[in-house]
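Undergrad: This is the structure I have questions about; it appears just below.
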Amino acid sequence: LALASKTERALNVECDSGQFTTGGECCMECPPGEGVVKECGAAQTVCAQCLDETYSENYSHTEKCKPCTQCTGLMRMETPCTDSNDAKCVCKYNFYFNSVSGRCEPCTVCPLGQGVYSHCDAYHDTICEECVDETFSDRESYLEPCLPCTICEEDIETQLAECTPTSDSVCHPFPSGETTTSNGGAPHFLGRGFNENLIPIYCSILAAGVVGLVAYFVFKRWNSCKQNKQPANNRAATNNQMVTPEGEKLHSDSGISVDTQSLQEQQQHAQAEAQPQPSRSHTLEQI
């Protein structure tokens, strides 16, 4: 009768866990961040803090602390594990979770002529769209949308190639000095190209001026050295051409100097040898 009365009282008391001790008390639930160490029975529920990479997310009178999920393979951690929340893993960048296959798969790359309409993320694949209405995409990408075509400036550029879904327009500036007519107006010269073409001319003129200046200084230096050497040569020539009493210099038309004294001595010596010597007998007769 006593046991029946306790159970009857427990049924009349609101109990979140829906379980009672043998004594008729409502079993206590452990809050998030704590796990059950000893379940409710003869005594009340015993709870403890979740530690060492464990967690408990719910109120419970039966759950223990659970180990945190480890993000491995193609998964990366988006939210770390806490005592009350498990770690949240998602697919790595450039991958998305395919709910059909249940695994991470590479993001779709939009081909040439298509741009990205919706970017790939951890939960959705890339969505591509065709490039239309003066837009293009000239590369494969899972990031870039269709880009607007370049519009050539009529007054200064000519269009070499039209824009297509897979390539941009190709514009080229008019040659320097070429005239163009816009909307029936008078032709005018394009100063932009002309100024660009003058740059090499200016550089050439500047280089020529520098070379000429260097050549001028080299010539002046060489001429100065030459003039300094001339007086020394003149003095040496003057010393060689001085006339002494014993001999004088004769200058022929060819510029060869001749010592006259030496010539006279050589002639006298030759004449002395040419004269006949008196005989010895004649000399004795004279004695």
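Heads up, the Cβ atoms here are built off N, Cα and C, so glycines get one too.
Okay, these came from TrEMBL:
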- 14-47: repeat 'TNFR-Cys' (REPEAT)
- 49-89: repeat 'TNFR-Cys' (REPEAT)
- 90-128: repeat 'TNFR-Cys' (REPEAT)
- 130-171: repeat 'TNFR-Cys' (REPEAT)
- 199-219: transmembrane segment (TRANSMEM)
- 245-287: region 'Disordered' (REGION)
- 254-263: compositional bias 'Polar residues' (COMPBIAS)
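Walk me through where these features lie, including what they touch and how far apart they are.
TA: In the repeat 'TNFR-Cys' (14-47), helix, strand and coil residues by DSSP number 0 helix, 10 strand, 24 coil.
In the predicted structure, the repeat 'TNFR-Cys' (49-89) carries a mean pLDDT of 95.
Across the repeat 'TNFR-Cys' (90-128), DSSP classifies residues as 0 helix, 18 strand, 21 coil.
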Undergrad: Using DSSP, tally how many residues of the repeat 'TNFR-Cys' (130-171) sit in helix, strand and coil.
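TA: Its residues divide into 0 helix, 15 strand, 27 coil.
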Undergrad: Under 8 Å between C-beta atoms and at least six residues away from its ends: which parts of the chain pack against the repeat 'TNFR-Cys' (49-89)?
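TA: Sequence-distant neighbours of the repeat 'TNFR-Cys' (49-89): 16-17, 19, 27-37, 39-40, 95, 103-104, 122.
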Undergrad: Tally the residues of the repeat 'TNFR-Cys' (49-89) by DSSP class, grouping H, G and I as helix, E and B as strand, and everything else as coil.
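TA: Helix, strand and coil residues of the repeat 'TNFR-Cys' (49-89) number 0 helix, 13 strand, 28 coil.
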